[in-house]
Amino acid sequence: MNIALIAHDNKKKMMINFTTAYELILLNHQLYATGTTGKRIMEETNLKVTRFQSGPLGGDQQIGAEIANNRMDVVIFLRDSLTAQPHEPDIQALIRLCDVHMIPVATNIATAEILIRALERGDLDWRERVKERG
């Protein structure tokens, strides 16, 4: 499955801890991330990550395009809800696209752990059938 990993600056360490803890599960999937998040994940784990632009430079929109074209299956977006983000409209658009296209999305670590366990159990295999139908 194709998994997008995004983390605001104050959540990047949490994303590194998450990807380290679940590295064995994530190794079986194609990973995509915004620029700095992807770089940090690759520096600290053995995971291969396809990187888009940094979020404020359009990375969120690039991932949104993948969602709109049915090429993303799961989005894990560790948001810093306590800090104003200059690209907040892009963030809202990304979450809206997940809702419209029925893409499971986690915006905090608790939900991310639920999604990763569901992925491990095969609970999200229905996404493959959705992609086949196009």
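Just so you know, glycine gets a Cβ as well, placed from its N, Cα and C.
Positions annotated as active site, proton donor/acceptor by Swiss-Prot: Asp60. Per Swiss-Prot, substrate binding site is recorded for His8, Lys12, Thr34, Gly35, Thr36, Thr37, Ser54, Gly55, His87. Positions annotated as domain 'MGS-like' by Swiss-Prot: 1-134.
Sequence features, as recorded in Swiss-Prot, placed on the structure.
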residue : record                             : DSSP class
His8    : substrate binding site             : coil
Thr34   : substrate binding site             : coil
Ser54   : substrate binding site             : coil
Asp60   : active site, proton donor/acceptor : helix
His87   : substrate binding site             : coil
Per-region confidence, the domain 'MGS-like' (1-134) (mean pLDDT, whole number): 94
Asp60 (active site, proton donor/acceptor) to Thr34 (substrate binding site) - Cα separation in whole Å: 7
Fewest-neighbour residue among binding-site residues, criterion Cβ within 10 Å, set His8, His87: His87
For Thr34 (substrate binding site), the number of other Cβ atoms found within 10 Å of its own Cβ: 26
Residues that sit under 8 angstroms from Thr36 (substrate binding site) by C-beta distance, when 6+ apart in the chain: Lys12, Ser54
Sorted by sequence, non-His8, Lys12, Thr34, Gly35, Thr36, Thr37, Ser54, Gly55, His87 residues with Cβ within 8 Å of centre, substrate: Ile6, Ala7, Asp9, Ala33, Pro56, Gly59
Whole-number Å value of the largest CA-CA distance among His8, Lys12, Thr34, Gly35, Thr36, Thr37, Ser54, Gly55, His87, listed as substrate-binding: 17
